[in-house]
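Only one structure is covered here, and it is reproduced in the block below.
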């Protein structure tokens, strides 16, 4: 037992087979922050992995919109709450799809599936501006296509039931909607930072495998809280795809909220995690 305790205390770098589950493979003292991503990285444009990651973001956002908008349509068209999955079912559809899609794409693109997540990670210098812009474009295109497929074979149902577009609900002000989007996106992006934290991943080897679970659960909980207010955006691509395909005036009246709110929330989450939680600007540099 004394030998094992000594191995763990030293980081167990040389005795990985004796390391208890969940203990550090690398001590905090020996941990080094990964270098920030360059602002511009033109070399990415000649790499197949760059385009493969963009395609993964497109497909993930396409599938996300397809499943979630179908779920929303099924709930909205029902005359009885007892005959449908209700708000809880919608929240599970959004959270469950994020869980599945992050798990599928994390090793290829990072599993963003959301321009707000991409924006937050860019502010934290986790990826280059080149990649961030490419991801956002592919996410928006995927969302448009996903909503378009739903409308393509259920046009009447789609147009008569709001098309899954995000709007501020009657009884709430634009400020209420903006606040809900800021806080909801903050929760999501803060969870993403925590679940993918490089230092935590180095310390606990099981953390990267579990990362999709808290991210999906955060999406689920935010939807439970804010569906009655805005229909829950917290994802500008999701809001844009539904608005473009539905394309009715009221879908555009409050659309700015679903870009400004998530981007503010993502920026606040990035600042909070990097400066307050990780204190990266205050760490001494050699």
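Even glycines carry a Cβ here, placed using N, Cα and C.
Per Swiss-Prot, the features are:
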TOPO_DOM  1-54  topological domain 'Cytoplasmic'
REGION    1-34  region 'Disordered'
TRANSMEM  55-75  transmembrane segment
TOPO_DOM  76-88  topological domain 'Extracellular'
TRANSMEM  89-109  transmembrane segment
TOPO_DOM  110-131  topological domain 'Cytoplasmic'
TRANSMEM  132-152  transmembrane segment
TOPO_DOM  153-174  topological domain 'Extracellular'
TRANSMEM  175-195  transmembrane segment
TOPO_DOM  196-208  topological domain 'Cytoplasmic'
TRANSMEM  209-229  transmembrane segment
TOPO_DOM  230-256  topological domain 'Extracellular'
TRANSMEM  257-277  transmembrane segment
TOPO_DOM  278-286  topological domain 'Cytoplasmic'
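Per-stretch counts of Cβ pairs under 8 Å to the transmembrane segment (132-152) identify 55-75 as the leading one among 55-75, 175-195, 257-277. Non-local neighbours of the transmembrane segment (55-75) in the same chain are 84-87, 89-90, 93-94, 97-98, 101, 104-105, 108-109, 111-114, 135, 138-143, 145-147, 149-150, 154, 157-158, 161-164, 237-238, 241-242; each lies 6+ residues outside the stretch with a CB under 8 Å from one of its CB atoms. By the Cβ criterion (under 8 Å, sequence separation of 6 or more), the transmembrane segment (209-229) is in contact with the transmembrane segment (175-195), since 3+ such pairs are found. For the topological domain 'Extracellular' (76-88), the model's average pLDDT works out to 75. In the topological domain 'Cytoplasmic' (110-131), the DSSP tally of helix, strand and coil residues is 12 helix, 0 strand, 10 coil.
Across the topological domain 'Extracellular' (230-256), the DSSP tally of helix, strand and coil residues reads 17 helix, 0 strand, 10 coil. Non-local neighbours of the topological domain 'Extracellular' (230-256) in the same chain are 61, 64-65, 68-69, 94, 113-116, 136, 139-140, 142-148, 150-151, 158-159, 162-169, 172, 174, 177, 180-181, 184-185, 188, 219, 222-223, 262-263, 265; each lies 6+ residues outside the stretch with a CB under 8 Å from one of its CB atoms.
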